[in-house]
Amino acid sequence: SNSSRLSRMSFSGEDGRAAQARPAPGAGGDRPMVTFARRTHSGRYVSYSRDDLDSELANSELAGGGGGFSPDREEFLSYHVHIPVTPDNQPMDPAISARVEEQYVSNSLFTGGFNSVTRAHLMDKVIDSEASHPQMAGSKGSSCAVNGCDGKVMSDERGQDILPCECDFKICAECFGDAVKNAGALCPGCKEPYKATEMEDLVGGGADGGARPTRLSIVRSQKAMTRSQTGDWDHNRWLFETKGTYGYGNAIWPKENDADNGNGGSGGGLGGTDGQPAEFTSKPWRPLTRKLKIPAGILSPYRLLVLIRLAVLGLFLTWRIKHKNEDAMWLWGMSVVCELWFGFSWILDQLPKLCPVNRATDLAVLKDKFETPTPSNPNGRSDLPGLDIYVSTADPEKEPPLTTANTILSILAADYPVEKLSCYVSDDGGALLTFEAMAEAASFANMWVPFCRKHGIEPRNPESYFSLKRDPYKNKVRSDFVKDRRRIKREYDEFKVRINGLPDSIRRRSDAYHAREEIKAMKRQREAALDDAVETVKIAKATWMADGTHWPGTWIQPSAEHTRGDHAGIIQVMLKPPSDDPLYGGDGEEGRPLDFTDIDIRLPMLVYVSREKRPGYDHNKKAGAMNALVRSSAVMSNGPFILNLDCDHYVYNSQAFREGMCFMMDRGGDRIAYVQFPQRFEGIDPSDRYANHNTVFFDVNMRALDGLMGPVYVGTGCLFRRVALYGFDPPRSTEHGGCCSCCFPKKRKIKSTVSSGTSEETRALRMADFDDEEMNMSTFPKRFGNSNFLINSIPIAEFQGRPLADHPGVKNGRPPGALTVPRDLLDASTVAEAISVISCWYEDKTEWGQRVGWIYGSVTEDVVTGYRMHNRGWKSVYCVTKRDAFRGTAPINLTDRLHQVLRWATGSVEIFFSRNNALLASRRMKCLQRIAYLNVGIYPFTSIFLIVYCFLPALSLFSGQFIVKELDVTFLTYLLVITLTLCMLAVLEIKWSGINLEEWWRNEQFWLIGGTSAHLAAVLQGLLKVIAGIEISFTLTSKSGADDENDEYADLYIVKWTSLMIPPIVIMMVNLIAIAVGFSRTIYSEIPQWSKLLGGVFFSFWVLAHLYPFAKGLMGRRGRTPTIVFVWSGLLAITISLLWVAINPPSQNSQIGGSFQFP
């Protein structure tokens, strides 16, 4: 059994189902050493430790304390029991013990943190409903029938019991081992001897008696295929076990039907196009991606127009400075300053757009390179690297659990190798509602994911799929699709009802358990008090899980150590790692009423993570939560690539992961830090009133940046290289010059990093922003913390993330077939280490958030994180797929939209006043990329000049003056040329980007709306933070829609007041009144001079046209605005204009138009 090895026996007064760990007092430094202990089903206590020596010292200190054992003490006594190996006492096979351990881990809720016990709570069930998938936590399983044992019977990958005896006596793995060793291999039920006494023999056969590959099967890697005597490669064994052939230059034994397969010798298999094996047909190397340049007929005129407009703008500003308006110097001065800033801002925005590109991927080549049988991969296992996906959520009230559950379902059903995919859900609120919603999603995935694979469903978000307005039966050829779809639709409706009913279910359950606890407490108090008066017992009202235990996270009624800012770290493996080989379903299996014959029913690993939070620690909002996921995933799965998604952004294209991986695995892909996908939104009103689609940014600016060093990181839908997040420099960083290397090459002495004592992994990991120093692995604990698991995973992630070395031009590549070996099984010590790295103290005295992981110090941590990578020399890529990769939601309400823009703009101001300012960038960043990042930090300051310029038309109409002395031909010509070139540039941008004119105009409108409201507030808040040190706090953007079920866009018409609306309202009122005053002045003049109105009224209409969507939003729903509002508005404007004329009557000798008069 497990305890027959050298183990540590721990006795505790806690609940027998809870495994415990405590900080060892002998650990060095401020970081406590976590030892992990758990109780097995059969009652044994087994302890896992990071370091046996330290644990022994800690235990000796406990033992030396003397005194009796108290169940109320947090300490527990430990001692070693060493049972020597004898013929009657043989240790369990490591593969079997690992399987047992993984089954235990997948059914345990791990909690812990700083100065607290690390517990592994074995859960009988995770949700009230029954879990049917064998990978799911709390999945049903038979109990061991041996008296005194409450263990679970071993099960295969299908969840079926493994019964060693023909009498079907149910026995767990530990009791089976005891029966074989100590009871003469007799079955405890029928007392007959077992026919098979080795667990490998039992696991190797499935329910149908045939051999089925499982996790317990011996994986024959290439290392195992060596002769035990000489260590040479065993070709015969390889040929026999893999059905392969000899390599080039050796005799080849083709299959019998390879020469003539009925298709003229052009069949598949190992045969080539002429009947010869594929090894004889030379395959040309094909790239995974290609760059599609913009046609010269569009790009050349576009660049020419930019130069023409730049020259005209310079001449115009020179003319404006030379020709002053002596009659209104104040008006002229303000206008010239604003125009100079607008010209500078336009240059910053336009220069990075000179080199736009488009890109395309070839998924067929990706499949051919990584998933096709080859001599190095004879079984055709996927050689793609692992991928860890992060889904972040923080508040189940503002981010509905149903939305998050649909996002997770779309990830689990994605078209990517199941064994290479892992999904981590970060619940920064620590809510039981989110936890049980994720468990319900894992349970529903048992049917949804195989259904999507069987019928090729797109999109694989059930809510979006069942809401499609197109014909769902188009291109469906399987006869059972209609029946399957109806059943899945019914199951999904029930799933939604369960999710929507979770809040009430949790509340009722907690009330019932609380009442029971109060009754027990009162009974104990009466027994203790005897005849004395008994006071009312007050017990903190806890939130209870489905298995009848306290929820370790945030309670519905907050209590000590159970609030949003004070709770333990939590990790629950909702779906344990799948088997390495496909697991095909059947017809009408239990838990799967649909026919999934020949359909892989495995599910990717799904993990729930809620990092520890304690008072007094700065948890750094979303950036801190993402860094906690980086560390925990590095310990548990260590995928070399990371994709982060917001909880409301789901996978719309099931092959999006493969599209992004094409860039990472292509030649030169090892220098790509991240692949950014465009953000696409659903639920936007057809007119896109507030430019929620933001197509000008995602389809114009981002495509243009892709021609430089790459697009900026925009927070979601981004595929990262893990080592780039760790703060390392890109490979061959010393071979690439700085920002002006293309024009002024500079010879540099490249210090060789190759030395006899430096490993290949160490040479590939460099972290130096301004010098060429070699990395010293001994400094990693100071950068990444003291977790050896985490530090040891770094070179592994770097190696696995390299592209294939299948071409001479591929530098820093890995050999084909290196990632086809299965990954290690999860064990309890690994998850306990993951609990340690998500503790609130782990980042102390490390570089997390400074140069490692997501960067802290800004509300727009995404832009700063991408900037740091580009500053080290990394590149990024913009991946625009034919079918949108991801889709999400955006706030269509005016107030929510303004608050969203305010958060972005405030982050930009913080960037400008920080060390992340592009002016301080390193020489590795190219010049145009530097200008683009400079524009990111400067654009909010345009709001100051924009607001002044929006008031200038009104001031002109009020004063009777204009920004120029005369409306002469020169001024009008400049104005016309500048306007025409702007329109022509917009048309060409529409041509090469694919957007339409309406989207461009909506962007222009909201640029002015946001610039006169949110951007100005962002500048003020940023200045307050820099000067006075006042921190800025933002509320989470609500992802829930309006309550009106009959109107999809009901939220659009809701008017929620905010102070951000004051400046645009004042601008509109002042300009409207100024127009009325101008007309009144002209009408009541004895000699009307209509030319006085021309300049002011034109620019006032320009301002009002841009603010029209804002004014429409203030009116609410069409038809609900009372008519009296418009009547009173008109009367108010007329009254104010007449009052102004009475106070300041028009003079007869002032005119601004010279001799020009309106006819």
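Placed from the backbone N, Cα and C atoms, the Cβ positions cover glycine too.
Model, not experiment: these values are computed from the prediction.
Per TrEMBL, the range carrying the annotation region 'Disordered' out of 1-34, 35-68, 477-510, 783-816 is 1-34. Pairwise Cα distances among Ser392, Lys398, Glu399, Asp428, Lys621, the recorded UDP-alpha-D-glucose-binding residues, top out at 16 Å. Calculated from their C-alpha atoms, the gap between Lys621 (UDP-alpha-D-glucose binding site) and Asp646 (Mn(2+) binding site) amounts to 14 Å.
Here Lys622 (Mn(2+) binding site) is positioned 8 angstrom away from Ser392 (UDP-alpha-D-glucose binding site), judged by their C-alpha atoms. Long-range contacts of the transmembrane segment (1090-1111) within the same chain, counting only residues at least 6 positions beyond its ends with a Cβ under 8 Å from a Cβ of the stretch, are 689-690, 894, 950, 952-954, 956-957, 960, 962-964, 967, 1002, 1004-1009, 1012, 1061, 1064, 1067-1068, 1071-1072, 1074-1075, 1078-1079, 1081-1082, 1151-1154, 1156-1158.
When the C-alpha distances from Asp646 (Mn(2+) binding site) to the binding-site residues Lys398, Glu399, Asp428 are tabulated, the minimum falls on Glu399. Note: the CA-CA distance between Lys622 (Mn(2+) binding site) and Asp428 (UDP-alpha-D-glucose binding site) rounds to 8 Å. Lys398 (UDP-alpha-D-glucose binding site) has a Cβ environment of 14 other Cβ atoms inside 10 Å.
Around the Cβ of Asp646 (Mn(2+) binding site), 24 further Cβ atoms fall within 10 Å across all displayed protein chains. In this structure, of the binding-site residues Lys621, Lys622, the smallest number of CB atoms within 10 A of the CB marks Lys621.
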